[in-house]
Amino acid sequence: CFKLSKELVVVSCLSSTESLLQSLAFTKQPGSIVFPVDSQESNREVMFSCEAQGSPPPLYRWKLNGTAITPKSGSHYSLSGGNLRISHLNKDQDAGTYQCLASNSFGTIVSREASLTFAYLENFKTHRRSSVSVREGQGVVLLCGPPSHSGDLTFTWIFNEYPSFVKQDTRRFISQETGNLYIAKVEPSDVGNYTCVVTNTVTKTRVQGPPAPLVLRSDGIMGEYEPKIEVQFPEIVHVAKGSTVKLECFALGNPVPSINWRRGDGIPFSRKVDVRKASGVLEIPYFQQEDAGTYECVAENSRGKNTVKGKLSFYAPPHLIEKPQGVQKAIDDSLVWECKATGKPKPSYRWMKNGENLEPLEERVQVANGALSISRLTLSDIGMYQCVAGNKHGEVYSNAELRVIAVAPDFSQNQLRSHSMVKEGGDVLIECQPKMSPWGVISWRKGSEALRESNRVSILDNGNLRIQNATKADAGLYTCVARNQFGVASSSGTVMVKEPTVITTPPSTLDVTVGESIVLPCQVNHDPSLELKFTWFFNEQLIHFGNHGGYFEKVGGHSAGDIMIRNIQLRHAGKYTCAVQTKVDSISIAADLVVRGPPGPPTSIHVEEISDTTASLSWRPGPDNHSPITTYTIQARTPFSLGWQAVTTVPEVVGGRRLTATVIDLSPWVEYEFRVLASNAVGTGEPSRPSKQARTKETSIPACGGGGSRSELVITWEPVPEELQNGPGFGYVVAFRPYGATGWMQAAVPLPEASRYVFKNESIQPFSQFQAKVGVYNNEGEGPFGEVVTVYSAEEEPGRAPTRTRARSLSAYDIEVSWKALPWNTSRRRVLGYEVSRYWEKTAPEEAASVQRTVGNQTSAIIRGVKGSSTYYVSVRAYNTAGVGPPSATVNVTTKKPPPSQPPVKVMWNTSDSKIILNWEQVKALENESEVTGYRVLYKCNRHSRPTVMETNTTSVELSLPMDEEYFIQIKPFGEGGEGSSSRQITIPRIAGPNAIGSATKVSTLSALSTIALSFTARTSL
């Protein structure tokens, strides 16, 4: 079924076997072989590998030097698969270039060339060598003259007897190019026999030449002479890319010359270059284009120098960078294959077809610059093609298959879609892609009639049918008809027009607060015959319901894709997209969700400045999460605190626009970390990352003192907290001295919690002036002393009593006491103030007396809170830090009667022309109460303001006040006993009209209907 004729490939056969056929490609290619000749082996053989993949499996054949090899029975050539075995090798007949050819029904491909060479090393033919006679100090060259050979050689020399080998140094050199031994300057120790040893690196065989005796002449010593270069490299050396090149250079001379290398362009050698000055070899590994150029060897001694030059020329075998790929083309089509390779020299190209060189005998076949082009393809062009790129350093091969097909139209593998659905107003593309070669003519029918094209309905160049802005009338059966010279075929499909899907929910922006829940709507109208699929995306990422911690839940019905987001978090803010899909269309709508929450943590917390008790901080705001930051809170922690603690700041309240604050009331010499929290209307956010630790500055302990008992000096201080003691063994050092003295007295107080020290000495005079200071210490040593302060020793109590003591009643509840003051400082008996004592009875004990103290040189005091109509006994005494002095003479005073206990009643009010007129009933005092001498009217315009007071001695008052405010009014009687009970609070509302009246009783709140004209209410509050 493969071929019907020379011109036409049968379509049905090709389509059924197409997947089983495979073109040719080598998986193994032969490589060059160097065979070591060994006459002791009776059956010498080699094998060249060759393997190709393809279906049908390939057949193999070989060529030697371009001539076909025909393995026959009994021949020393045999094939095993594609491998060529050569037995009973003959170096004269079998040496040469081999190539493998693989063929199947697609064609033939040729492998790369592989050579077979034979390595051998024969024996030296000369058995004796003449003596070499030289003067001491002269240079000499001992020739090796290696025997006939094939393969790389290495050379060594034996001095006198094995295993004494000649060691190379600056004076002796063995060339690995010629094998000769060079001695730059002969010394008496060099006299002896020299034997050249030659080793074949392939066969590993070794042969020795005849010994060459070296003797000294007796006619004198050679004088000094300039270097003579005996070993030098060629003028041009061709070096392959990536290979290693070795240049040799050695000179004879007296004194022994030094060998140096340099580049002709002056560029220094790279690190990879190995310059072995002792052996005269320059080695350049991994040779590249930049290593090419002129190299110089300089031999120099005290008599002069000599130089040789040579050029290293870079070359590279071809390397393919663009290869042809196998293609399948229709008959009469065109083919262009590009083939490009790098190399130096620039590669040339040739093409092969089925293992033979392609000679363009027709104009439709062209080869130019490696490109092969064939126009008007025929079946005769079918085959395997190879591009061969080559220069004098090698060739590379690339394979590609060309298939040319001729096929009648066929829809069996690609029929029209049976049903194509499109929404009304939408576009639909009906593909018509039959298999045929060459490509023919495509036409369409709708129903039984030829399709008429319009501005909406068009047949594309590739045969497909496009219907734009579809209407209900476009529904129906469509047929695609394909024709070429080999036949006709057709395929049909139905077009159905559906109603479009419309989302009825408008786009929106939603605003929620953290912790709330919300429903995102997605309502649609759609064709009832189509199924809906709702898909939700969050910030363009698909939402997987059931994941995401259970926050997302579908709550929509059949025609709704609503979702609920429960317990919303900040991370849920973003863009939500509802995508609705049917078989004919897909639409989407987006909603932006703004989530308001507590602010994010502030950033960049820095301690700008720090003192002993304060620290200045700065920070940058974090995100406000859509609610402006209102305040910042600063917290601190130390190694001694229990976690983070709030601190006092300046300003006390840090507003949301401030990014700096000063922390106060810190402890000195403590390491602090600070963090900042931001708050807004939603709440307080997460704290910032802690600042870097910062230590407050060290401070001294301030001392003070005074007081105590007679002959005592009391010195006090604030104890140092544990977190500031900086180690165990903490205590205080107290130093003091009389004022004007030079030396200090010191005392240690080993208790960390101590706050005072008492020094007692009978010689201390009362109220003597001292200087004092307090320091600290612990097991690590002493700390600093505080500032020197002035303190006084204990003083004596005042020795005299105040005189001219008087007392009078100010009211039923207040008594005024006065006296004559004592001198402030008399004979070290200071007066700091006075102590007033009051008694119920003259005989009452002093302990029961109430005491009230004054400060300084005050000569009167008011005793408040006493009872009316009561007699009190009062005395006064002076006091200081040592105690109180003797009391004054006792005086008595009787308080006034209490004020009236009855409040004003029957309070009436009315308004007229921005005036409030109040009237009330006269308050009558009881027998044990003081007479009413007047009234105080207290009024204010809101409950929280301070009242204004007006006094009157009548039972009415007129207030000139604006009527657009609400007023609260109280009335109190007063007499010589003080203020009496207040009336109920009267509330006078705002009054829009010209007149209103009201009243207040002590029974109940007034009714608006019975007491107020013009429908205004007078309210009373208890």
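Even glycines carry a Cβ here, placed using N, Cα and C.
Database features, via TrEMBL:
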type	residues	note
DOMAIN	30-117	domain 'Ig-like'
DOMAIN	122-208	domain 'Ig-like'
DOMAIN	227-313	domain 'Ig-like'
DOMAIN	318-403	domain 'Ig-like'
DOMAIN	409-496	domain 'Ig-like'
DOMAIN	500-588	domain 'Ig-like'
DOMAIN	601-699	domain 'Fibronectin type-III'
DOMAIN	701-796	domain 'Fibronectin type-III'
DOMAIN	801-898	domain 'Fibronectin type-III'
DOMAIN	899-994	domain 'Fibronectin type-III'
REGION	683-707	region 'Disordered'
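Looking just at the domain 'Ig-like' (122-208), the mean pLDDT is 92.
Residue counts for the domain 'Fibronectin type-III' (601-699) under DSSP (helix as H, G, I; strand as E, B; rest coil) come to 0 helix, 48 strand, 51 coil. Contact counts against the domain 'Ig-like' (318-403), taken as Cβ pairs under 8 Å, peak for 30-117 among the stretches 30-117, 122-208, 601-699. Remote same-chain residues near the region 'Disordered' (683-707) are listed as 514, 597-603, 605-607, 610-613, 615, 617, 619, 622, 625, 633, 635, 637, 644, 666-677, 713-718, 720, 732, 734, 756, 770, 772-776, 783-787, 789, 791-792, 794, 881-882 (criterion: CB distance under 8 Å, separation of at least six residues from the stretch ends).
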